[in-house]
Amino acid sequence: TASSLIRTTGQLAPGAAAGSEEEAKPQPEQPVIRLDETQERISKLDINNPLLIVAGAGSGKTSTLCARVIEIMRQGVRPQSILVITFTNKAANELKDRIFKYMKASGMLDIAGVVEDGASEEEQKRRAFSHMPHASTFHSWCYGLMMRYYKELGWSKCPMVAATESEHKKILKLAIDQLEDCRRLVQCEFMLGIAPPASLEEEEETEQPSIFIPDAEERWEVVLQKAQERTGFSVDAYKRLLEEEGVQGHYKPPKTGRATKFGERATATAEHLSLMRYLYGHLYVEIGSGRGLVDYNENPINYSTSFGGKDLMSQIMNFIYHAKARGHSSTAYPQLERSVLEAYNATLRRFNLVDFDDLLMFANKVLEDRDILGLVRNEYQYLLLDEFQDFNKLQTDLVLRLQVGIGRVTAVGDERQSIYAFRGAACENNFRLFLERFVDAQVEKNTLEGPSTNVVAAPVTGRGSMESLTRNYRSHRGIVDLGNIVARDTIGNSDLLRRLRVPLHALDSVPVVPVSVWDTRDDEEEARIFVRRIKSLLDKKECKGSDIAILSRCLNFGAHRPTGKIEAELLRNGIQYVLRGGHSALKSKRMQIFMALVRVVANPEDDIAVDYCLDALVNNVGPAAITKIKESGSLGRLGRMSLFDKAERASTNTSLLPKNARAGLQAFIDDVRRWQMEIDSKSLDEIIRAMFKEYIMEVEEDAGMAEALKGEQDDETEEEIDPVLNIALAIKDSLYQSPDLLSSEVTEGGELDPDAPCSMMLLRAYSSQLCLLSSSTEDKGVVKKPKGAQQQKGAAYESAVVISTVHQAKGLEWEHVFLPQFNECLFPMNFRGPSSADRARAILDPQLQREISQASHQHYREEGRLAYVAITRAKKGLYISVLQKYPLTWMLSVFGPCMPSQYLPDVMYGSNKAANRSAKEESQKHW
């Protein structure tokens with residue numbers, strides 16, 4: 001039985017115990033799941049009542065969660081009725097692997113054809129997935145939900161996912177251009193005396209209206225008609241003028257009098273040959289300038305007043321991410337922020353795209369339908385949540401929709417490890433809601449109708465419980481004690497955190513191992529000390545290079561690179577290292593081009609992907625030709641024409657492009673059309689290989705990425721298989737292994753056959769799977785080797801020391817961890833404080849003063865949790881360096897005296913820490 005898998009082991013040795021991220025492989029006679037008394041008791045609590053498990057670092061949360069899943073199935077629940085949600089694809093795959101092993105060892109998979117002698121483990125997993133609980137990230141599960149119900153959300157076809165920040169910025173650029181056109185539209189209507197819609201008049205009475213106009217194209221048609229009637233504006237004459245002058249690209253106004261009938265300002269300021277912009281310029285010269293109106297061509301929107309910072313596009317994108325992750329309505333913001341958010345969302349929809357926050361938002365929206373909610377609740381009756389502290393508001397709302405009134409939910413999390421507030425994670429809100437709705441409340445059990453309810457008999461009401469895992473199996477006692485001290489300072493005045501917080505303790509049998517704290521003169525001495533210790537560990541063969549990590553608060557601090565001197569010293573001593581936070585294979589140039597190509601075939605109206613492919617794949621077509629193609633379709637019509645349609649027309653337009661460019665464009669269009677026609681006759685595997693053979697194989701990879709991808713090759717494979725193709729095919733296999741993510745239109749009510757003909761829906765699902773995985777895949781980075789160093793394939797990462805940010809290190813562990821530059825303003829990073837304008841307003845505004853003070857406290861609590869995560873990654877050795885002087889001279893004038901981090905206890909550093917802190921407090925302003 002499944003219960004025979006669970007063994008009470010009492011106190012286990014670190015590294016070989018329950019919950020260790022790298023558990024030793026069990027002997028054949030030993031049980032697969034190894035639990036201590038507390039873990040076993042928690043896993044067997046009533047499966048029909050809510051359960052919150054507060055699991056400290058290294059306390060065995062994954063083993064406990066998997067044991068809980070096994071316990072639910074042992075009590076007779078169908079595996080397909082269990083939904084396990086976690087934060088990353090890596091964690092989801094780990095959960096799948098563990099659950100598969102546990103089910104296989106227990107005999108739960110002894111079903112005809114699932115587990116057979118002679119079949120490889122991968123083949124067994126593929127067969128078993130349809131008989132296992134569904135383990136996934138929230139985004140993947142929400143996309144599967146959207147594929148099934150996209151028509152109910154008003155989509156004509158299932159949208160695809162825009163995953164990368166570069167794509168989001170291209171969409172934002174189009175949205176900003178659209179806002180400028182909306183401003184011109186309103187002024188054109190005013191100049192022509194066209195009354196605004198009644199709905200807009202009502203909005204103006206109540207609040208400042210949005211700049212964005214959803215029905216702008218229809219209203220431009222009216223403006224064009226009125227302009228032709230009143231001012232003699234002629235589209236045909238306008239086109240003839242451009243053709244006569246040979247204008248294709250940046251327009252230079254002719255010096256003849258012909259330009260005046262369209263307005264000199266219109267011809268002088270137009271750059272992209274937008275008919276709407278030229279029409280506005282014409283009307284402004286004819287009407288607007290005489291009335292003293294502002295010329296919007298000369299006075300574009302000033303975004304810097306609302307979005308500060310050097311990189312304006314990044315600042316605006318950060319605002320959009322922040323607003324959408326928190327589920328905020330656009331109407332909650334001032335006019336400009338509201339307009340940007342609405343234009344961005346409308347542009348996504350226009351190209352049939354969604355981003356990650358849209359997946360969560362639309363999943364919540366589709367579950368507002370009570371019939372659909374009932375179906376989904378009936379399908380997934382038991383819900384288990386991993387990394388609960390990292391959920392944002394939209395994700396927590398989904399949990400409440402699925403389980404309020406039911407209560408068959410288990411959540412595992414640790415508020416001490418909540419380090420994703422910048423992504424919208426709402427740690428305290430998550431735990432507060434769970435405690436209010438499930439643990440502290442009497443949960444009224446809703447009865448699900450239908451014969452397929454697969455629920456173990458439960459009482460009418462049930463009270464949830466909260467349990468804690470407090471025994472750390474990962475680290476030695478000195479590391480555990482230091483982690484407790486750091487975590488203690490992150491509670492603040494929160495009664496909720498006091499209720500959740502239980503200190504971790506190491507095993508009684510584990511001796512106290514001192515944590516090394518080095519007082520280094522500067523970053524050069526720090527590098528020498530760190531590398532000397534690392535070299536000693538490697539020379540004595542105490543560990544491999546991959547067992548050592550150097551964790552930095554960030555890899556780039558303006559012009560300063562905190563690990564730069566350490567990297568140079570490692571190479572000087574012949575030690576390889578790998579940077580986490582560099583490029584992963586899924587973010588390589590060739591993979592990004594392949595993803596764009598798949599999106600074009602699946603949805604030719606995706607202008608972002610078409611633009612990317614034209615630039616990267618089409619012979620003899622460069623930026624200038626692409627600009628001509630984009631502009632050609634806007635002449636003579638106001639209705640939107642997709643970039644693919646423009647390209648198709650341009651391929652036969654002899655006056656627009658030269659012969660060789662037209663030939664390359666025509667070949668690309670023919671291939672896309674051919675693949676679309678072959679979808680119903682060829683398998684997905686065949687289509688993927690055809691795309692690679694005909695286009696992607698010829699693309700040159702960036703040098704650094706090409707070197708990294710070589711390390712991904714299989715040493716035992718004689719045939720040289722393209723590593724990017726390997727990844728593309730592996731993601732295709734993962735899609736077939738998770739058919740429950742797909743709509744019934746793809747599966748046709750049965751199991752997917754990898755050799756069966758593809759379909760457009762399946763290709764779209766594959767495209768979105770690529771995007772979902774590429775955005776959250778584990779990032780191995782690029783190996784840096786000393787000059788002349790030889791390295792066998794596949795062994796690079798094993799011998800390389802890891803250099804990583806703390807955020808990238810979340811969920812991982814190493815034998816030895818080094819923390820450089822553990823100083824105030826470096827770790828923790830300094831609170832940037834309010835803008836100059838807010839600082840001035842705060843002098844007279846007590847409420848704003850309180851908000852700024854609260855933001856400061858929140859910042860340092862988040863930094864404290866980062867320090868806790870960094871410290872608790874270490875198993876055996878923890879080495880901390882404190883600088884006596886800042887790496888760069890400007891830091892002294894900005895930050896004040898260089899002093900140890902506030903997260904380093906005074907007793908570990910020395911008596912001068914308190915004196916330094918007093919000096920700094922005297923020298924620094926409150927802000």
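Every residue, even glycine, has its Cβ placed from backbone N, Cα and C.
TrEMBL annotations: computationally assigned, not manually curated.
In TrEMBL this protein carries:
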| type | residues | note |
| --- | --- | --- |
| COMPBIAS | 1-11 | compositional bias 'Polar residues' |
| REGION | 1-29 | region 'Disordered' |
| DOMAIN | 34-476 | domain 'UvrD-like helicase ATP-binding' |
| BINDING | A55, G56, A57, G58, S59, G60, K61, T62 | ATP binding site |
| DOMAIN | 481-811 | domain 'UvrD-like helicase C-terminal' |
Local backbone state of A55 (ATP binding site), from DSSP in three classes: strand
Across the domain 'UvrD-like helicase ATP-binding' (34-476), average pLDDT on the 0 to 100 scale: 81
Packing count at T62 (ATP binding site) (other Cβ atoms within 10 Å of its Cβ): 22
List of residues, in chain order, with Cβ under 8 A from that of A57 (ATP binding site) and at least 6 apart: D414, R416, Q417, N472, R474, S475, G483, L504, Y868, V869, T872
Protein Cβ atoms within 10 Å of G58 (ATP binding site), excluding its own: 29
DSSP-derived class (H/G/I helix, E/B strand, else coil) of G60 (ATP binding site): coil
Fewest Cβ neighbours within 10 Å, where candidates are the binding-site residues G56, K61: K61
